[in-house]
Amino acid sequence: MATAADRKLPNILITGTPGTGKTTTSELLAIATGLNNINVGTIVKEKECHEGVDKEFDAFILDEDKLVDEMEEMMSAGGNIVDFHSCDFFPERWFDLIVVLRTYNEILYPRLESRGYKQHKIEENVEAEIMQVVLEEARESYKPEIVIELMSNTVEEMESNVNRIEEWVENYKANHQ
Ligand code: ADP
Ligand code: MN
(Lines of atoms letter the chains of each structure in order from A; the text may use other names.)
(Lines give C-alpha, C1' and ligand atoms only; values in the text may rest on other atoms or scores of the structure.)
(Ligands and ions follow the chains in the order given, each with its own letter.)
Protein backbone atom coordinates (compact mmCIF):
# COMPACT_ATOMS: atom_id res chain seq x y z
CA MET A 1 0.00 0.00 0.00
CA ALA A 2 1.32 3.47 -0.91
CA THR A 3 2.38 5.55 2.05
CA ALA A 4 2.88 9.30 2.23
CA ALA A 5 6.59 8.71 1.64
CA ASP A 6 6.10 7.36 -1.89
CA ARG A 7 3.20 9.55 -3.02
CA LYS A 8 4.58 11.86 -5.71
CA LEU A 9 1.47 14.00 -5.51
CA PRO A 10 -0.20 14.91 -2.21
CA ASN A 11 -3.69 14.25 -0.95
CA ILE A 12 -5.31 17.31 0.63
CA LEU A 13 -8.50 17.38 2.66
CA ILE A 14 -10.57 20.57 2.54
CA THR A 15 -12.95 20.40 5.48
CA GLY A 16 -15.14 22.77 7.47
CA THR A 17 -18.73 23.38 8.51
CA PRO A 18 -21.21 23.44 5.60
CA GLY A 19 -21.12 26.88 3.94
CA THR A 20 -17.50 27.71 4.81
CA GLY A 21 -16.48 27.37 1.15
CA LYS A 22 -15.09 23.83 0.79
CA THR A 23 -16.53 23.14 -2.65
CA THR A 24 -15.69 26.54 -4.15
CA THR A 25 -12.16 26.47 -2.71
CA SER A 26 -11.59 22.86 -3.84
CA GLU A 27 -12.72 23.64 -7.38
CA LEU A 28 -10.46 26.69 -7.64
CA LEU A 29 -7.57 24.73 -6.15
CA ALA A 30 -8.09 21.87 -8.63
CA ILE A 31 -7.90 24.36 -11.51
CA ALA A 32 -4.79 26.00 -10.04
CA THR A 33 -2.90 22.77 -9.30
CA GLY A 34 -4.27 20.21 -11.76
CA LEU A 35 -4.99 17.88 -8.84
CA ASN A 36 -8.10 15.71 -8.95
CA ASN A 37 -11.11 17.11 -7.09
CA ILE A 38 -13.16 14.57 -5.11
CA ASN A 39 -16.49 15.83 -3.83
CA VAL A 40 -17.24 13.15 -1.23
CA GLY A 41 -20.93 14.10 -1.04
CA THR A 42 -21.27 13.19 -4.72
CA ILE A 43 -19.66 9.76 -4.15
CA VAL A 44 -21.95 9.14 -1.18
CA LYS A 45 -24.96 9.75 -3.41
CA GLU A 46 -23.78 8.08 -6.61
CA LYS A 47 -22.27 4.97 -4.99
CA GLU A 48 -24.96 4.87 -2.30
CA CYS A 49 -22.52 4.93 0.60
CA HIS A 50 -25.32 5.61 3.04
CA GLU A 51 -28.10 3.92 4.98
CA GLY A 52 -30.84 6.33 4.01
CA VAL A 53 -31.62 9.87 5.01
CA ASP A 54 -31.92 11.38 8.47
CA LYS A 55 -35.31 13.10 8.04
CA GLU A 56 -34.82 15.51 10.91
CA PHE A 57 -31.54 16.88 9.59
CA ASP A 58 -32.09 16.30 5.92
CA ALA A 59 -28.70 14.53 5.69
CA PHE A 60 -27.43 11.11 4.66
CA ILE A 61 -26.64 8.52 7.33
CA LEU A 62 -23.14 7.61 6.11
CA ASP A 63 -21.89 4.09 5.48
CA GLU A 64 -18.32 5.07 6.34
CA ASP A 65 -16.71 1.70 5.58
CA LYS A 66 -18.25 1.54 2.13
CA LEU A 67 -17.20 5.12 1.41
CA VAL A 68 -13.59 4.43 2.45
CA ASP A 69 -13.57 1.32 0.22
CA GLU A 70 -14.90 3.35 -2.71
CA MET A 71 -12.18 5.99 -2.29
CA GLU A 72 -9.22 3.74 -1.46
CA GLU A 73 -7.85 3.27 -4.97
CA MET A 74 -7.89 6.99 -5.86
CA MET A 75 -6.46 7.98 -2.52
CA SER A 76 -3.63 5.43 -2.69
CA ALA A 77 -2.64 6.86 -6.06
CA GLY A 78 -2.28 10.38 -4.57
CA GLY A 79 -2.97 13.76 -6.16
CA ASN A 80 -6.45 14.37 -4.74
CA ILE A 81 -8.29 17.29 -3.19
CA VAL A 82 -11.02 15.83 -0.99
CA ASP A 83 -14.01 18.01 -0.10
CA PHE A 84 -16.01 16.89 2.97
CA HIS A 85 -17.44 18.29 6.21
CA SER A 86 -16.22 15.43 8.36
CA CYS A 87 -12.86 13.64 8.62
CA ASP A 88 -12.52 11.33 11.63
CA PHE A 89 -13.31 8.12 9.74
CA PHE A 90 -10.85 8.60 6.85
CA PRO A 91 -7.60 6.63 7.27
CA GLU A 92 -4.92 8.88 8.72
CA ARG A 93 -2.38 7.67 6.12
CA TRP A 94 -4.46 9.16 3.27
CA PHE A 95 -3.68 12.83 3.88
CA ASP A 96 -0.64 15.06 3.67
CA LEU A 97 -2.49 18.29 4.50
CA ILE A 98 -5.78 19.01 6.29
CA VAL A 99 -7.28 22.45 5.64
CA VAL A 100 -10.07 23.55 7.99
CA LEU A 101 -12.02 26.51 6.59
CA ARG A 102 -13.56 28.90 9.13
CA THR A 103 -16.28 31.53 8.75
CA TYR A 104 -17.73 34.07 11.18
CA ASN A 105 -21.27 33.13 12.20
CA GLU A 106 -22.82 36.39 10.99
CA ILE A 107 -21.47 35.54 7.51
CA LEU A 108 -22.15 31.81 7.68
CA TYR A 109 -25.79 32.25 8.71
CA PRO A 110 -26.95 34.11 5.56
CA ARG A 111 -24.92 31.74 3.35
CA LEU A 112 -26.83 28.77 4.73
CA GLU A 113 -30.10 30.71 4.56
CA SER A 114 -29.62 31.45 0.87
CA ARG A 115 -28.96 27.76 0.37
CA GLY A 116 -32.50 27.07 1.57
CA TYR A 117 -31.51 25.13 4.71
CA LYS A 118 -34.23 24.70 7.32
CA GLN A 119 -33.98 26.91 10.38
CA HIS A 120 -32.85 24.18 12.80
CA LYS A 121 -30.25 22.94 10.33
CA ILE A 122 -28.84 26.47 9.96
CA GLU A 123 -28.72 26.86 13.73
CA GLU A 124 -27.05 23.49 14.20
CA ASN A 125 -24.35 24.32 11.69
CA VAL A 126 -23.71 27.83 13.01
CA GLU A 127 -23.48 26.39 16.53
CA ALA A 128 -21.01 23.73 15.31
CA GLU A 129 -18.89 26.47 13.71
CA ILE A 130 -18.87 28.49 16.95
CA MET A 131 -17.87 25.34 18.90
CA GLN A 132 -15.09 24.56 16.35
CA VAL A 133 -16.42 21.02 15.99
CA VAL A 134 -14.70 20.32 12.66
CA LEU A 135 -11.39 21.85 13.78
CA GLU A 136 -11.38 19.76 16.97
CA GLU A 137 -12.23 16.63 14.98
CA ALA A 138 -9.35 17.32 12.58
CA ARG A 139 -6.90 17.94 15.42
CA GLU A 140 -7.95 14.74 17.17
CA SER A 141 -7.75 12.63 14.01
CA TYR A 142 -4.50 13.86 12.39
CA LYS A 143 -1.05 15.00 13.43
CA PRO A 144 -1.46 18.64 14.51
CA GLU A 145 1.41 19.74 12.25
CA ILE A 146 -0.54 18.84 9.09
CA VAL A 147 -3.76 20.61 10.18
CA ILE A 148 -4.13 24.27 9.16
CA GLU A 149 -7.02 26.61 9.89
CA LEU A 150 -7.84 29.26 7.25
CA MET A 151 -10.41 32.05 7.41
CA SER A 152 -12.97 31.99 4.59
CA ASN A 153 -15.19 35.05 4.99
CA THR A 154 -14.45 36.94 1.80
CA VAL A 155 -13.53 36.28 -1.81
CA GLU A 156 -10.10 37.83 -1.10
CA GLU A 157 -9.53 35.35 1.71
CA MET A 158 -10.58 32.49 -0.54
CA GLU A 159 -8.14 33.59 -3.26
CA SER A 160 -5.38 33.93 -0.72
CA ASN A 161 -6.18 30.45 0.65
CA VAL A 162 -6.03 28.93 -2.84
CA ASN A 163 -2.68 30.65 -3.51
CA ARG A 164 -1.28 29.51 -0.20
CA ILE A 165 -2.29 25.87 -0.70
CA GLU A 166 -1.05 25.98 -4.31
CA GLU A 167 2.38 27.05 -3.01
CA TRP A 168 2.28 24.22 -0.49
CA VAL A 169 1.55 21.77 -3.37
CA GLU A 170 4.49 23.09 -5.42
CA ASN A 171 6.73 22.67 -2.41
CA TYR A 172 5.47 19.12 -1.82
CA LYS A 173 6.12 18.23 -5.47
CA ALA A 174 9.66 19.60 -5.33
CA ASN A 175 10.35 17.43 -2.29
CA HIS A 176 8.81 14.21 -3.69
CA GLN A 177 10.31 13.83 -7.17
P1 ADP B 1 -19.30 24.30 1.34
O2 ADP B 1 -18.88 23.40 0.23
O3 ADP B 1 -18.29 24.37 2.45
O4 ADP B 1 -20.67 24.00 1.88
P5 ADP B 1 -19.53 26.32 -0.75
O6 ADP B 1 -18.21 26.33 -1.43
O7 ADP B 1 -20.64 25.59 -1.42
O8 ADP B 1 -19.38 25.81 0.77
O9 ADP B 1 -19.92 27.83 -0.48
C10 ADP B 1 -21.21 28.19 -0.01
C11 ADP B 1 -21.59 29.56 -0.55
O12 ADP B 1 -20.79 30.56 0.06
C13 ADP B 1 -21.36 29.70 -2.05
O14 ADP B 1 -22.38 30.53 -2.56
C15 ADP B 1 -20.02 30.37 -2.13
O16 ADP B 1 -19.89 31.13 -3.30
C17 ADP B 1 -20.01 31.23 -0.90
N18 ADP B 1 -18.66 31.36 -0.33
C19 ADP B 1 -17.92 30.35 0.17
N20 ADP B 1 -16.76 30.79 0.65
C21 ADP B 1 -16.75 32.12 0.44
C22 ADP B 1 -15.80 33.16 0.73
N23 ADP B 1 -14.60 32.90 1.31
N24 ADP B 1 -16.13 34.42 0.39
C25 ADP B 1 -17.31 34.69 -0.19
N26 ADP B 1 -18.25 33.76 -0.49
C27 ADP B 1 -17.97 32.49 -0.18
MN1 MN C 1 -19.87 21.65 -0.57
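Cβ from N, Cα, C; glycine included.
Copied over from TrEMBL, here are the features:
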- GLY19, GLY21, LYS22, THR23, THR24, ARG115: ATP binding site (BINDING)
- 39-62: region 'NMPbind' (REGION)
- 114-124: region 'LID' (REGION)
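Overlay of TrEMBL feature records on the structure.
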| residue | record | contacts (Cβ under 8 Å, 6+ apart) |
| --- | --- | --- |
| GLY19 | ATP binding site | THR103, LEU108, ARG111, LEU112, ARG115, ASN125 |
| GLY21 | ATP binding site | LEU101, THR103, SER152, MET158 |
| LYS22 | ATP binding site | ILE14, THR15, GLY16, ASP83, PHE84, HIS85, LEU101 |
| THR23 | ATP binding site | ASN39, ASP83 |
| THR24 | ATP binding site | MET158 |
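The 6 Å Cβ screen around ligand 1 retains GLY21, THR23 from the binding-site residues GLY21, THR23, ARG115, ordered by sequence position.
Cβ proximity to the ATP site centre (mean Cβ of GLY19, GLY21, LYS22, THR23, THR24, ARG115, cutoff 8 Å) flags the following additional same-chain residues: PRO18, THR20, THR25, ARG111. The 6 Å Cβ screen around ligand 2 retains LYS22, THR23 from the binding-site residues GLY19, LYS22, THR23, ARG115, ordered by sequence position.
For the region 'LID' (114-124), same-chain residues at least 6 beyond its ends with a Cβ under 8 Å from one of its own Cβ atoms are 18-19, 56-58. The average pLDDT computed over the region 'LID' (114-124) stands at 94. DSSP assigns GLY19 (ATP binding site) to coil in the three-state reduction, placing it in neither a helix nor a strand. Sorting the region 'NMPbind' (39-62) by DSSP state (H, G, I as helix; E, B as strand; all else coil) yields 7 helix, 10 strand, 7 coil. Counting every protein chain shown, 11 other Cβ atoms lie within 10 Å of the Cβ of ARG115 (ATP binding site). Shown for the region 'LID' (114-124): DSSP residue counts in helix, strand and coil, namely 7 helix, 0 strand, 4 coil.
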